[in-house]
Amino acid sequence: PRLCVVGSGPAGFYTAQHILKHHGGTQVDIYEKLPVPFGLVRFGVAPDHPEVKNVIHSFTQTARSERCTYRGNVTVGRDVTVAELQQAYHAVVLSYGAEDNRVLGIPGENLSGVYSARAFVGWYNGLPENRDLKPDLSCDTALILGHGNVALDIARILLSPLHLLRKTDITDSSLAALACSKVKHVWLVGRRGPLQVAFTIKELREMINLPGSRPVLSPADFTGLESAIKDAPRPRKRLTELMIKTALEKPGEKTAEVQAAASREWGLKFQRSPQEVLPTADGTRARGIRMALTRLEGSGDSAKAVPTGDVEELECGLVLSSIGYRSLPLDPSVPFDTQRGVIPNSSGRVEGVPGLYCSGWVKRGPTGVIITTMNDSFDTAQSVLEDLQMGVLDVSTSREGYGAVESILRSRGVRPVSFSDWEKIDAAEVARGKAAGKPREKIVDPQEMLQLIGH
C-alpha cells in the first residue's frame, strides 16, 4: 500500500510512525509546505523548553526509514491537489494542523500593538511567515487575553532575564528586540475564574519561580475556593492550591527580599471579557483595553461567563490575543466544518470520502499537548490499518505514489526538499548556533534555506 500524509508536525509523524510500525509493507510519503519539518515542535514549543523537542529524535528515525520519504516545500492544495494525491495513493491522511488564529471580533483589534499569540510565538520561534512582525515592546504594560499554556509561554518570554533566553534557540532578531523591551508588567486575563484556567501546574510553577519577576494574585479571587475543590480531579486541585498559596502566602524574609528586588511582575485577572481595544489620541495605536466584568453561570469546565453590565479599563500598549488556533480548509474537495474548524470525521475517517483520513488538530480541534496528538494520531492510523485489513482500501490496483506526484510538481516548477536536504539546513543552523553559544540559530527565510541546499 502507498499512503501519504499531509503535514510534518507531530500529528503527521505519529500517524506515519504507527502505520509503518504495524504494517510491514506500507510506503508512506510525508508532504510539508515549508522546507523544514516538525511543525509546532519547531515553531510552537517555547525556546526555553528544549526537553519537549526531544520527540524530534523519534520523528527523525521515522523519516530515515527506507519506507518513508519526506517532501518539503510542497503546498498541498496549490502545488498538488488532494484529488491528485488520491489518484497517486491508496490512502491520504490530512494532518496539516491549525494555520490560523481565532479572532476576538471586537473594535480596535486591528490597531497597531495588538497581535495574535500565534503570530507572536511564530515570531520568536522563527516561523517564516512571522519573521517581519516587529512587535512594539516600548510600553511598560502588556496584556495577554487567555489563560492557557501559550499565554504563560508568552508572559515568560516577555519577562525572562536575557541571560536565560540567550542559551535557547530563540531567534536572533527577537532576542535583540527583547533586549530593548520596556515591558515590566504582564497581565493574563480570562473570561472565567481560577477553576477554569487551561494552563497546567508545571507552566504555572515555572512562572511563579521566574527570576527577577514576582507574581501578583489577588487574595479576593480565591476566597472560598478551598472547599470548592475538595472533590475536584487531582490535577485541577493541585493547580488551584498552588494559585491559592501564591495569592495568600505572606512571603518569608528571603522571599520578601527576592520579591522586593524583582523589577518585573505578572498577574492573573479573572472574569473579564474584552469589549474594545482603546486607541491612542491619534487613533493608530492601542493604549488600553475595555473589559466587561462577568459572573459565572454553572460550575466547573462548563461554567459560562455572562457580562454583569460593569466595565473596567486597563492601560496597556501591547495586547496579545491567546484565545486559540484555528484550522483552515485546504482544498475545495475536502469537507470542512467552518463552525468548529475541523474536517468532519469518525475516528479519523473523513465523512463521505473513502480513502481520505485526518489526524491532529484539523481532526479534533486545536487543543491538547503533544501526547494528546500522539494518541489521536495512533487512533487515525489504526483506522487506516483496519481499512487495509478489511479490504475497504483497494490495494489490488497499484498506485504510483510519489512517481506520479513528482511529474505533476515538475510540470508546475516545484522543487521538493528531501530529508537529507533538511539535514543540511539543520547542520547549518546548529553550526551558527554554536558560534553564538546557542543550541541552534534558526534560518527564518525560506529562500535562504533553499539557497543553502542549492535549490
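Backbone N, Cα and C define each Cβ position, glycine as well.
Around the Cβ of G368 (FAD binding site), the same chain contributes D376, each under 8 angstroms and 6 or more positions distant in sequence. Look at TrEMBL and you will find A11, E32, L40, V76, W361, G368, V369, I370 tagged as FAD binding site.
Among the features that TrEMBL reports, NADP(+) binding site is placed at H147, G148, N149, V150, R191, R192, E203, G368.
The domain 'FAD/NAD(P)-binding' feature in TrEMBL is assigned to 2-158.
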Recorded FAD binding residues, A11, E32, L40, V76, W361, G368, V369, I370 - maximal Cα separation rounded to whole Å: 25
Sparsest Cβ surroundings (other CB atoms within 10 Å) among the binding-site residues A11, L40: L40
Count of other CB atoms lying within 10 Å of the CB belonging to N149 (NADP(+) binding site): 19
Alpha-carbon spacing, L40 (FAD binding site) to V150 (NADP(+) binding site), which is rounded to whole Å: 12
Predicted model, mean pLDDT over the domain 'FAD/NAD(P)-binding' (2-158): 97
Integer Cα-Cα distance in angstrom, I370 (FAD binding site) to R192 (NADP(+) binding site): 25
